[in-house]
Structures are given as C-alpha cells and as structure tokens.
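Novice: I'd like to ask some things about the structure below.
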Amino acid sequence: MASLRSWFSIPRGSHFSLANIPFGVISTASSKSPRVAVAIGDHALDLEVFAANNGFLGLSTIQPHQAVFSQSSLNAFAALGRPIHSVVRKYIQGVFSVDTTYPDVLKNNVALQKQALIPLKEIKAHLPFKIGDYTDFFAGMNHAYNCGVIFRGPQNALQPNYKHLPVGYHGRASSVVPSGTPIRRPNGQILLDPTAEKKVPAFSPCKKLDIELELGAFVCGSNEQGVPIPIEKAEENLFGIVLMNDWSARDIQAWEYVPLGPFNAKNFGTTISTWVVLADALEQFKIKGLDNDSEVLPYLKEKSEKSVYDINLEVDVKTASGNTTTISKVNARNLLWSFPQMLTHHTITGCPFQPGDLLGSGTISGNSPAEYGSFLEQSNNGKETIALEGGEKRTFLEDGDEITIRGTLSFSNIMTIPIYIAGVAVLGFFLYKLLYGTDTPHIEGLPEVPGLPLFGSLYELGTNHAKVAQGWAKKYGPVFQVRMGNRRIVFANSFDSVRHLWITNQSAMISRPMLHTFHKVVSSSQGFTIGTSPWDESCKNRRKAAATALNRPAVQSYMPLIDLESTVSIKELLHDSKGGEIDIDPRAYWQRYALNTSLTLNYGYRIDGNKDAPLLQEIVDVERGVGNFRSTSNNWQDYVPLLRLFPSQSNEAISFRKRRDVYMDRLLNTLTEKIEKGTDKPCITGNILKDPEAKLNRAEIKSICLTMVSAGLDTVPGNLIMGIAYLATPKGQKIQRRAYEEIMKVYPNNDAWERCLHEEKIPYITALYKEILRYWTVIPICLPRVSIKDIEWNGVNIPAGTTFYMNAYAADYDAEHFKNPQEFDPERYLDVPDGAGTPHYGYGAGSRMCVGSHLANRELFTAFVRLISAFEFTPPVDPRDEPVMDCLEANAIPTSLTMEPKYFKVGFKPRNRKLLDQWIKESEERTKELM
C-alpha cells in the first residue's frame with residue numbers, strides 16, 4: 001500500500017486526505033465542459049487533463065478506457081467495475097505518495113501540476129452521476145421508531161414488517177441536486193388543524209420543512225430485467241457513498257402519504273454531496289450495524305455482520321442572522337439494513353438497475369436528541385423547541401436557514417500523522433504503549449474484560465455503559481477491570497460490592513479523577529464543582545461548608561422556600577392544564593421547582609416568570625449539555641488522547657462553558673451588588689461573603705455556586721418527573737390510591753399541605769420516594785472515584801490511584817439484594833429499622849455521596865405529599881403521550897450523566913378544587929416576603 005504521507009501539501013484535518021481520493025465531476029471558468037476529477041487536499045485533480053498528459057502511464061489497465069474521464073458524469077467510469085475503481089484510486093494514491101515510484105508523472109512535472117491541479121475554490125462541482133432511478137429506504141431503525149412513537153405511540157412504533165425487509169419508496173431522480181443548490185419551500189395541501197374531527201385541507205406553503213440526514217449509495221453494476229442480484233454479489237455492484245439530505249415537508253406528508261406513501265412531500269429536493277467516496281476506500285471502516293432480533297430470510301443474510309460504515313456524521317444549521325449550531329452528531333452504524341441488502345431486496349422481483357442509480361439509506365438517528373437526524377424527532381413534531389446559538393430557536397426550518405452535513409471516518413486523519421522515532425525497538429514500545437498502555441497497571445487476580453487496541457472496550461460499552469456492564473457482571477463477576485482507551489477502570493455492579501468498596505472502604509475511596517473534557521475544557525473558567533473535585537484540603541473545606549449549610553437543622557429552616565416553589569409549580573400546572581381538563585407535560589414545572597430552590601438557597605435570588613422564562617430555559621439547556629461532559633460515556637477524548645487532536649468535541653464543550661460563564665457571573669455579580677446596597681436576602685454564598693472569618697477564597701466560593709446550580713437539576717427533577725409518570729400509569733393507580741389514603745390517615749383534617757413543611761410523618765410517602773430513587777436511578781453510573789489507599793476485594797489487592805465506576809443502576813436492580821427489583825414496590829421500604837444501612841444508591845454512597853441528600857429528600861417528600869393531596873394523576877388521553885417505563889429507555893440522552901426524561905404527558909385532575917385553591921392562597925400569604 002502507498003504511504004499515506006504525501007509530497008503534495010494537504011492541509012491538516014482535510015476531509016480529502018490521501019486516504020480518501022473521492023471522485024466527482026467538475027468544470028471551471030476557463031473550461032466549462034464537465035469532466036471527471038478527484039479531490040486531494042484543497043485541490044481537484046482534473047483526470048481528463050491528467051490522462052491526456054500521460055498521467056496514467058504506469059497503469060496499463062486503465063489506458064484503453066481513459067475516455068471515461070472526459071465524460072460529463074461518472075456513469076461510464078462506474079460501469080468499468082469495482083476492480084478498475086480500486087486500482088485507479090490506489091494508483092493515484094501512489095502518484096501522490098511521498099515515496100512515489102512515479103515521480104516524473106506529477107511530483108517532478110511542474111507543468112502538469114499547473115494544468116491538472118485546480119484549487120477547489122476555482123471549480124464548479126456538478127452532480128457526479130446521471131441518475132436514472134432513485135429509491136430511498138427507511139433503514140435507520142431509531143428514526144423509524146421515533147417517528148412511530150410520534151404518530152402511533154410506543155406500542156406500535158415499528159410496523160410488523162420493519163425488521164423483516166428493507167422498506168423503501170421510489171423517489172424522483174429529477175429532483176436530486178448537488179450540494180449548495182437552494183431549496184424553495186414547497187406548497188401543498190396541509191391540515192391547518194390536524195386534531196379537528198373533520199379534516200379540512202388548505203393549500204399553503206409548507207410550515208414544517210425538515211431535513212433527513214442520510215447516506216446515499218451509487219450503483220455501478222447492472223442486471224437484466226427479471227434477474228435478481230443475490231446478496232453475495234450485491235457489494236460488487238456498489239460504486240461509492242455520498243452524504244444525502246432528503247428534504248421533507250412534514251405537514252404535506254402527514255395529509256397525503258396515506259395510502260401509497262410519500263409523494264409531493266418528498267419530491268421537491270434531495271441534496272447530495274458532489275464527491276463520491278469509493279466503496280473500496282470505506283472497506284476498512286465497515287462495522288456491525290444495529291442488532292436485528294428478528295430472523296431475516298436467507299436471501300438477505302450476509303456473510304459478514306460488518307456491513308455498514310463507521311462514519312461520524314454532523315449536521316449544522318446556519319440561520320439568516322449568521323449563527324451556526326451543530327444540532328446532530330451521530331454515527332452511520334445506526335442502520336438496521338446495509339446497502340447490499342437494500343439492493344438485493346430491490347431486485348428480488350427482477351427490477352433492473354443501471355450504473356448511476358441511487359439508493360438512500362433513510363434518516364440516520366441515534367438514541368438521544370443530540371443524535372436525531374431530523375427536526376421532526378428533535379422537536380417532537382413541533383412540540384418542543386431546538387435551542388440554537390445566539391438564543392434563536394427552531395421547531396422546523398425557517399426561510400434563510402442553511403444546512404451543512406459533514407461525514408468523517410474515525411481513523412482517517414490519525415493515519416496521516418507523521419511519527420518520527422529512531423529505532424525499531426523504541427517504535428515498538430511506543431506503539432504498544434499507545435495501543436495497550438493504561439494509566440494504572442493491570443490488576444493481578446481481578447477479572448478483566450478483553451478490549452481492542454487503542455480503544456479498549458469503548459466500542460462494546462457504546463452509549464449505555466450501565467446496561468452493558470450489568471451484562472458483563474454475569475460473566476466476570478460483580479467487580480471487574482476494563483480498559484477504556486488508556487484508562488483502567490474497576491466497575492462495581494452489585495449492591496454488596498458497592499457497599500464494600502464505597503462504604504466499608506470510604507476513607508480510601510474519597511478522591512475523583514481528572515477528566516480532560518470536563519476538568520480541562522468545560523471547567524477552565526469557573527473551576528470544579530465540589531462533587532467533581534479531587535480530594536485535597538480545599539475540597540475538604542468546601543464540602544464542609546456545604547454540608548453545614550445543608551444538614552438537617554439547616555434544611556428545616558429552608559422549608560419556606562420549598563413551600564413557595566412547590567406552590568408556584570402546582571398553581572401554574574393547575575392553570576396550564578385548564579383545571580385538569582387537558583393532559584400536560586410536567587417536566588419544566590419541576591425542573592423550575594428544584595432549580596429555583598437551589599438558586600434561592602445559594603444566592604437569595606429566584607427566577608421570576610413562568611416555566612418558560614428565558615434564564616430558566618438557558619440554565620436547564622446548558623446544565624443538560626454540561627452533564628454530558630461530566631458523563632463517563634459521552635467523551636471518548638477523555639480516554640483516547642489522540643482524539644484531542646480533532647477539536648469538534650472540545651469546541652462544543654467551550655461553547656457550553658462560555659454560555660455557563662454568562663449566567664454564573666451574572667448570578668454572583670447580582671448577589672455582590674445587593675450585598676453592597678444592603679438589599680440582599682440570607683443565603684449560603686451571601687453568608688460566606690459577609691463573614692470576615694470565612695476561610696474560603698473566591699475560587700472556592702465559585703465552586704460552591706457551581707455545585708448548587710448543577711445539583712439543582714441533577715437528582716430531584718428526574719425523580720419527581722418519573723415518579724409522577726409511574727403513578728399515572730395503570731399499575732401506578734393502586735400505589736397512588738394507597739399514598740392518598742396514607743396521607744389522609746395521618747392528616748384527616750386536610751392539613752397535610754401545611755404540616756409536610758414541618759415534619760415527615762407519613763411512612764408510606766417516605767417509602768414511595770425511596771423506591772422512586774431506587775427504581776429510576778437517575779444517575780446510572782455515578783461520578784467516578786479514585787482510591788487514595790490500597791483496597792482489598794476477595795483477596796485481590798487493588799492499588800491506590802485506581803479509578804472506580806459505581807454501576808448504581810445494576811446495584812439498585814440487584815436481585816440478590818432486592819426482591820423482584822424490576823417491580824415498583826414502595827412497601828420494600830416500610831418497617832425497615834433505623835440503622836439498616838444505605839437503602840439505595842440514588843445519591844451515591846460513602847464519603848463523597850451527595851451532600852444535599854437531606855434537602856433533596858425534603859423536596860421530594862413535600863412535592864409528593866402536595867401533589868397527591870391535590871391531584872389524581874391519570875394516563876394521557878392520547879396513547880402517543882404515554883411515558884416510557886424502563887429506567888434506561890426513558891432517558892432522552894443515554895450518554896448524559898443524569899437522566900433527562902423523554903417527553904410524555906399525564907392528566908392532573910384536582911381532587912377538591914375549592915380546597916386546593918385555599919391551600920395555594922394560604923401558601924402565597926405565608927411566602928409573599930420571599931417573592
């Protein structure tokens with residue numbers, strides 16, 4: 001193989017490296033006839049000129065066919081077949097290689113360089129093929145499921161045939177256009193009121209213009225009519241891959257797609273990239289796609305399970321105001337069907353194909369909103385807004401928006417980095433350390449999960465570390481070691497193993513690791529939260545200050561704040577549900593409840609306005625993003641230092657850091673100004689700032705502020721929201737009735753609303769929130785620990801300096817500790833004697849467990865007493881609004897540290913409206929000084 005270093009100047013990070021060599025069709029101002037070219041760096045090599053000047057002198061196999069490079073499309077070149085495509089690409093790589101065996105062809109031929117190498121900025125790129133036919137498939141199972149949930153509900157999301165055959169529809173080849181072509185908003189028939197009983201269409205411009213992130217594959221072979229292409233021959237009939245955006249008019253589609261499928265909603269524009277990456281170039285990047293739990297028929301079975309591509313895809317939106325936002329990052333492995341399977345299935349009837357025919361993959365989406373490949377999914381069909389840079393928001397595309405789609409291969413640029421090391425032995429040692437070295441040595445005697453060079457087990461762990469590690473525990477035992485890039489991690493997966501390591505050895509398990517993305521990028525301006533800080537004297541002092549401010553007596557003094565915020569949320573919820581007449585999404589109300597409580601405690605400041613207040617929305621959005629960077633599963637550059645050479649992840653982290661700096665500085669500066677004016681209210685940070693004997697410096701005070709803001713959204717909202725979700729389900733109705741009966745048993749005079757502020761004397765409600773904390777385990781993998789002393793586990797010595805991950809999800813679902821852990825049962829926490837030990841790991845465990853657990857418990861207790869006293873929770877009228885009831889599947893962002901509940905709705909039916917209004921009025925009177 002040719003060296004992947006070139007004598008020709010290729011900008012670092014170029015998508016057109018020597019490892020690529022994509023083919024396309026170009027013209028120039030001086031030569032307007034389209035012809036074939038390849039892209040190299042920031043230039044195009046004109047193959048017509050190259051061939052005419054003996055460029056292919058060293059490749060006899062192509063010489064009889066050189067006329068194909070003068071054609072206005074790639075059809076003729078594609079028809080030559082995969083072997084010819086491969087040798088032409090490899091020959092061009094050899095010509096540009098630093099140690100080329102053909103130096104006189106181009107390297108030393110300055111005249112030909114001037115003729116054939118054209119800057120990309122001086123070319124016009126055309127459609128690469130004359131497209132005869134175009135079929136778009138629906139192979140992105142996550143997208144298919146998400147759309148199904150939106151329109152049919154989770155129970156019927158996927159159609160019965162979906163996992164048995166690759167579904168597709170016949171597109172309009174005439175509407176396929178090259179990248180950069182403006183797309184005009186289409187007109188069509190839409191329903192202005194889709195919910196109306198009588199459907200009345202109107203002729204209108206599309207109001208739900210959308211994108212679909214796809215890959216396209218061009219066909220290079222042909223078959224006669226009536227002759228299918230078998231699966232073992234399908235791969236050799238594929239030329240290469242392009243990026244694709246199948247523009248979609250969702251409101252037009254919703255009205256007219258029944259019964260024959262997409263029509264005008266999909267025929268007005270499909271954009272493809274102008275450079276085609278050869279299938280040969282992508283061969284080494286094949287990977288296994290999504291698992292299909294249905295048995296496919298023999299004609300669709302491929303020999304290798306690695307049949308889709310490991311391509312990282314990104315989508316940017318640039319608005320008319322010039323702001324650019326990356327709205328999606330997803331890997332192309334998220335396909336259930338491969339292009340060979342699509343081609344084979346398409347031809348089982350004998351349908352004929354020709355070179356230049358185009359296959360679309362269908363929308364590629366991952367498991368979280370940040371990986372969704374369409375606005376339809378990201379906005380939940382317009383029900384939720386997508387936050388863009390500069391404070392702009394979208395549900396669907398607006399006029400003037402510009403879409404950019406990028407695709408990169410994980411290793412293509414790494415291969416071009418020059419490494420100059422003298423001596424074979426030194427090089428071998430370096431490569432071994434690079435591929436297999438870890439921050440701490442192998443732990444003798446502790447089971448180890450085998451992993452890949454360089455990446456370790458990152459691929460296998462995927463986006464759901466908790467579930468995968470739980471599965472490994474069945475094979476390797478509850479405690480095992482795993483290599484994640486260059487970090488060695490010890491996982492604990494059972495309730496007892498966590499108790500032994502985190503609680504019995506809590507004095508040893510007291511520090512935290514430093515992770516590149518969160519500690520060195522996100523936190524470079526504000527510092528670390530208490531919970532993410534390595535253990536030292538400063539961390540000890542900060543934690544002590546926070547613990548003092550959040551102990552049981554202190555928390556009791558904060559109950560007026562909880563009175564205020566719970567009342568505000570319940571009153572707004574009552575209003576927005578029109579007194580219980582309509583179902584609503586409860587998430588934002590309880591995010592505001594927890595966040596405002598934390599802000600008032602820390603700054604003496606609360607966010608006024610309703611749940612949609614801009615500052616509230618900004619903090620929630622940014623803290624959600626920052627939570628992704630605190631996560632152990634989202635940031636591969638934390639484990640593989642080479643990936644830090646590619647700045648996309650760091651750039652995103654920097655963007656969130658800057659946005660967080662704005663409101664963190666605003667909150668602290670506002671408090672400082674109020675202290676100077678004497679108008680401040682008692683609060684944690686204010687007390688420290690005004691205490692002349694305080695031992696905390698400015699950086700340490702900022703750390704406490706960060707802790708209070710982030711903690712306000714970590715645990716309480718997710719548990720409250722999903723607790724409501726469960727109680728509203730048919731199974732939850734029995735528990736809800738029992739909870740109400742227990743409240744009335746203790747407080748028969750209807751004074752639970754007020755008494756819950758002073759005491760916690762309803763054992764069933766306490767058991768209820770404990771079971772919610774266990775069942776929903778909103779932080780599945782807790783913040784990692786680092787041991788500062790050796791620890792023994794089953795006779796194995798685990799040395800100091802080892803990083804530990806607590807799989808709280810697996811521990812809280814440990815069948816050896818909990819009877820029927822998959823069942824939601826508050827009674828498991830009734831009649832448990834005092835001193836029985838940690839009931840669950842919802843707050844972590846040991847010396848660094850959540851310092852605000854007392855406050856969180858009182859927030860949960862008060863909210864549930866008041867909510868259950870005030871309302872009966874009912875399932876949503878529309879089945880599509882039902883919540884997901886699986887702890888991990890209910891998370892909209894699986895890679896985030898903290899659970900972000902997926903969209904759902906429930907009904908809130910007031911039990912006694914007159915009494916509820918009275919309670920609200922009394923609370924407002926008690927707390928009016930706090931407003």
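Heads up, the Cβ atoms here are built off N, Cα and C, so glycines get one too.
Here the structure is a predicted model, which means the values were calculated and not measured.
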Novice: Can you match one of D104, D193, D246 to the Ca(2+) site that TrEMBL gives for D136, E212, E214?
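Specialist: Only hit among D104, D193, D246 in TrEMBL's Ca(2+) site, alongside D136, E212, E214: D246.
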Novice: Within 10 Å of K266 (Mg(2+) binding site) (Cα-Cα), which of the binding-site residues E214, D246, Q253, T363?
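Specialist: Neighbours among binding-site residues, in sequence order: D246, Q253.
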Novice: What is the nearest of the binding-site residues Y257, T270, T363 to E212 (Ca(2+) binding site), using the Cα of each?
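Specialist: Sorting the binding-site residues by distance from E212 (Ca(2+) binding site), the top entry is T363.
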Novice: May I ask you to report the DSSP-based helix, strand or coil state of H143 (active site, proton acceptor)?
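Specialist: The three-state answer is helix.
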Novice: Within 10 Å of the Cβ of D246 (Ca(2+) binding site), how many other Cβ atoms can you find? Include all protein chains, please.
Specialist: 26
Novice: A 10 Å Cβ contact count, applied to the binding-site residues T270, T363: which residue has the minimum?
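Specialist: Across T270, T363, these binding-site residues, the one with fewest Cβ atoms within 10 Å is T270.
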Novice: Between D136 (Ca(2+) binding site) and H143 (active site, proton acceptor), how many Å separate their Cα atoms?
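Specialist: For D136 (Ca(2+) binding site) versus H143 (active site, proton acceptor), the Cα atoms are 14 Å apart.
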Novice: Taking Cα-Cα distance, which of the binding-site residues D246, Q253, Y257, T363, C850 are within 10 Å of H143 (active site, proton acceptor)?
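Specialist: Within 10 Å of H143 (active site, proton acceptor): T363.
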Novice: So if I draw a 10 Å sphere around the Cβ of K266 (Mg(2+) binding site), how many other Cβ atoms end up inside it?
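Specialist: Total other Cβ atoms inside 10 Å, all chains included: 23.
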